[in-house]
């Protein structure tokens, strides 16, 4: 099953890249300049870094059968905190640490609503999604705060042979893969996703695990928010990270992680995030107005969902699905 | 047992009204309190026209919240409504610009909204795609289609649209309302009738309570699951028309984030997000609460608009907490 799940997003990615190659033969060209790698592929990686990082946190949240809608708002808050602090003191390191600290608190808040009060994740995080941008506006007083700090600029726009942003995202991905797949943590997260109550009775600390994944998701969003605002050297509370929660959820779903929880694929999320970014780039390459990207995104979601849909997937893979068994029994 | 563990006033209230009405009553109390606070603080706040303006400025949101109530009652969610509103303004503006008569433009808008809803409903029911993802796809599609029609804003110059938009109806007491308000109230009345006095409406509640039980009882769950998304699509299209009366233009960036306002209004209106419990009347009061908050903030003048979002967030939180309380008590009983 895992292999077929990864097959479709991988095929979609390859198809998109090939389309680009046909339209723009120089698409795969890479050049080295001042020790930095440049080219369309590098651009895809760099622009996709925030989405990938947020999708990474989202994957773990979704694996516990949750969802986090507040990631975009959290990213905006992180940018707002950092930029206002830098604007007043000029200390980038403290500013970023402060922003990430705030994000951890926001993650704790989401986790508290979901794990302790038992509120549906979609609604619990909707609260912060609605209020979060208001808080970010409050911090920046409705202005776009611009900063000029060389250290802060490195996070989103810097190069260390490859763009620093993508290095951060990939490092986080590898770290999560090691921590969850080389230890039992990944399995515990999946078991909470299958049935939190049964997991608790089996001795898994469901509540702590759920709490942890929300904090981790908020932290990822915070770092992504730093990348976004660092890239433009400004905090825009209104539009920083707007709709990025949808892109991140999309990346996770395209990657074959089911929203019903209980199973997740980090490789899938990587493929999903890259597919979405490549799609956006493709639309630019073939000269369609960028706003129309949304139609293509809808097309990709619908196709991938149809391929993975419980009613369609069996016809392609011939594996029995629990839903069908359940329905057969119901009849 | 439960009476002992509850605060006294709750048990006293409970003895008189069924707990399913509690959230709606709470919403109404919040509305009276916020409006009262505004009336005490600002001169001229407690006038008939301010109340009428609440309806005029939020007519589209009322229609949207009614459609969303149907979907949420079945335990689903519709993220596409804001985008469908934008698409509707765009279709209306573009068809009118192309010289279509107003009635044909209206029909085109309503038909395309319903069709989009039908598509999402079928995806959810037939293919078992999760409502969240299916309507997310619908949202992207509708927003994208807006920009396929035109990237720029198109103004509406059609005389029929302009007349409906600007004509007012005088009520006793020199209170003026627009036709949009009448349309919105008619939608609320029809929705309440459908939900409480038809087989379809009862099945909506049954599906929200437990879909498998409803199916085993032989109810037409499939038809209802698809039906609520068609209703929501239709309501979004109608709300889009009301919104185009309000703005007199079509634009792909209209109504960004309006789906969140609609969901917030429904939740604040006391509808349970798990489905099966709630009333359209509650959603209307929910819209009025959000509208009052906005009015107070504009009356205050010094407070900036972002406070609206924070207050809405806090209200959402308060009502979610209230819902948890009611659910816990039901489990106890």
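Cβ atoms here come from the backbone N, Cα and C positions, even for glycine.
TrEMBL entries are annotated by machine, without manual review.
Sequence annotations record features per position, and here TrEMBL assigns transmembrane segment to B:21-39 (among others).
As annotated by TrEMBL, transmembrane segment applies to B:51-72 (among others).
Taken from TrEMBL, the feature transmembrane segment covers B:79-96 (among others). Same-chain neighbours of the transmembrane segment (B:79-96): 60, 64, 67-68, 102, 104-106, 108-109, 112-113, 116-117, 120, 132, 135-136, 138-143, 145-146, 149-150, 154-158, 161, 232-233, 235-237, 239-241, 243-244, 247, 249-260, 262, counting only residues six or more beyond its ends whose CB sits under 8 Å from a CB of the stretch.
According to TrEMBL, the transmembrane segment annotation covers B:102-124 (among others).
Under the heading transmembrane segment, TrEMBL lists B:136-156 (among others).
The transmembrane segment annotation in TrEMBL covers B:176-195 (among others).
Annotation comment: TrEMBL describes B:226-247 (among others) as transmembrane segment.
Summarising the annotation, TrEMBL assigns transmembrane segment to B:253-273 (among others). Remote same-chain residues near the transmembrane segment (B:253-273) are listed as 22-24, 26-27, 30, 61, 64-65, 67-69, 72-73, 75, 77-83, 85-86, 89, 139, 208, 240, 243, 247, 279, 281-287, 289-290, 312, 315-316, 319-320, 323, 327 (criterion: CB distance under 8 Å, separation of at least six residues from the stretch ends).
The transmembrane segment annotation in TrEMBL covers B:306-327 (among others).
The stretches the transmembrane segment (B:226-247) and the transmembrane segment (B:21-39) do not meet in space: the count of Cβ pairs below 8 angstroms, excluding pairs fewer than 6 apart in sequence, stays at fewer than three. Looking at B:21-39, B:51-72, B:102-124, B:136-156, B:306-327, the range that has the most CB pairs within less than 8 A of the transmembrane segment (B:176-195) turns out to be B:51-72. Same-chain residues lying 6+ beyond the ends of the transmembrane segment (B:136-156) with a Cβ under 8 Å from its Cβ atoms: 78-80, 82-84, 86-87, 90-94, 96-97, 116, 119-120, 123, 162, 244, 248-252, 259.
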